[in-house]
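Colleague: Take this structure, written in structure tokens, and hold onto it; I'll ask about it next.
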Amino acid sequence: MRRTMVAGNWKMHGTRASVAELINGLRHLALPGGVDIAVFPPCLHITQVVDGLKGKSIQVGAQNSAVEAMQGALTGEISSSQLVDAGCSYVLVGHSERRQMMGERDGTLNRKFAAAQACGLIPVLCIGETLEQRESGKTLEVVSRQLGSIIEELGVGAFAKAVIAYEPVWAIGTGLTATPQQAQDVHAAIRAQLAAENSEVAQGVRLLYGGSVKAANAVELFGMPDIDGGLIGGASLNADEFGAICRAAGN
Ligand code: PEP
């Protein structure tokens, strides 16, 4: 049985003061049992969040990490080992904003994924198609290529200790959400691709849906058989809304 998971990606939002307020809101939430909950603040605020959430069952992750596992001469980057030292449990790999705006390609993402696992961080691999790709019928091809890159490089076993987030790019921050059936179809294809290599890994891996998830649409999305929770952007900046989404995952 897979444990559901709700992850909040704060993106490049927050000041020390607003983060303190958000931590306070999160600390007061009634959270469901049986759901893994994590927040991904900007790197600058990770230690503030780790300290602020002590004793609350919310894990902390980073939004990005270096291609190298260990600290060294790589100006401006942060290694997986440093993230573990700061108290992180997870790291996002290949969020579409980084693929599109920072030019991150599959080869780089394979290295980031491997570096994270080498340090005991759980990578959350983000994959998904653009609107143009969906409209030209290429959704499954794109998602399969992004997933296949890790499988080819690191083997399907790498997904025994990883999470996958399917995030259609056209649904991120747009207010447009994939319908539960659209999301389920892609999740089922992702699981089938993994199952073709190793059915145990395929059955165990959590597949999160991301793209304008809110409390109002979470129950229906999370009710689909291959959707094991969500990666939440904008709505995770509001503690009450985030809490309601976590409770939807607990239903
Ligand atoms: C995200 O950034 O991963 C995301 C899903 O954003 P939003 O929920 O705002 O669409």
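Positions of Cβ are set from backbone N, Cα and C atoms, glycine also.
Automatic, uncurated: that is what TrEMBL annotation is.
Pulled these features from TrEMBL for this protein:
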- ASN9, TRP10, LYS11, GLY173, SER212, GLY233, GLY234: substrate binding site (BINDING)
- HIS95: active site, electrophile (ACT_SITE)
- GLU167: active site, proton acceptor (ACT_SITE)
Colleague: Would you count the other C-beta atoms found within 10 angstroms of the C-beta of TRP10 (substrate binding site) for me?
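Modeller: 21, counting other Cβ atoms within 10 Å of TRP10 (substrate binding site).
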Colleague: Would you mind reading off the Cα separation of GLY233 (substrate binding site) from GLU167 (active site, proton acceptor), to the nearest angstrom?
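Modeller: Computed Cα spacing between GLY233 (substrate binding site) and GLU167 (active site, proton acceptor) is 11 Å.
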Colleague: Within a 10 Å radius of its Cβ, which of these recorded positions (LYS11, HIS95) has the fewest neighbouring Cβ atoms?
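Modeller: Checked LYS11, HIS95; of these recorded positions, fewest Cβ neighbours within 10 Å: LYS11.
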Colleague: Determine which residues of this chain, when ASN9, TRP10, LYS11, GLY173, SER212, GLY233, GLY234 are set aside, have a Cβ within 8 Å of the centroid of the substrate site's Cβ atoms, and list them as they appear in the sequence.
Modeller: ILE172, ILE232, ALA235, SER236, LEU237
Colleague: Would you mind ranking the binding-site residues GLY173, GLY233 by how many other Cβ atoms sit within 10 Å of each Cβ and giving me the lowest?
Modeller: GLY173
Colleague: For GLU167 (active site, proton acceptor) and SER212 (substrate binding site), determine the Cα separation and express it in whole Å.
Modeller: 9
Colleague: At a 10 Å cut-off from the C-beta of ASN9 (substrate binding site), count the other C-beta atoms across all protein chains.
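Modeller: Looking across every protein chain shown, the total is 26.
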Colleague: List nothing but the largest Cα to Cα distance in Å, as a whole number, among the residues ASN9, TRP10, LYS11, GLY173, SER212, GLY233, GLY234 that the record says bind substrate.
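Modeller: Answer in Å: the longest Cα-Cα distance is 14.
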Colleague: Go through GLU167, SER212, GLY234, our recorded positions, and report the one whose Cβ sees the most other Cβ atoms within 10 Å.
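Modeller: Result of the Cβ crowding comparison: GLU167.
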Colleague: Determine, to the nearest whole angstrom, how far the Cα atom of GLY173 (substrate binding site) is from the Cα atom of HIS95 (active site, electrophile).
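Modeller: For GLY173 (substrate binding site) versus HIS95 (active site, electrophile), the Cα atoms are 13 Å apart.
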Colleague: Measure from the Cα of the residue listed as 'active site, electrophile' to the Cα of every one of the binding-site residues LYS11, SER212, GLY234, then give the nearest.
Modeller: LYS11
Colleague: Indicate whether ASN9 (substrate binding site) is helix, strand or coil by DSSP.
Modeller: strand
Colleague: Could you check what DSSP calls SER212 (substrate binding site) once collapsed to helix, strand or coil?
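Modeller: For SER212 (substrate binding site) - judged by DSSP and reduced to three states - the answer is coil.
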Colleague: Should GLY234 (substrate binding site) be counted as helix, strand, or coil on the basis of DSSP?
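Modeller: Once the DSSP labels are grouped into three classes, GLY234 (substrate binding site) ends up as helix.
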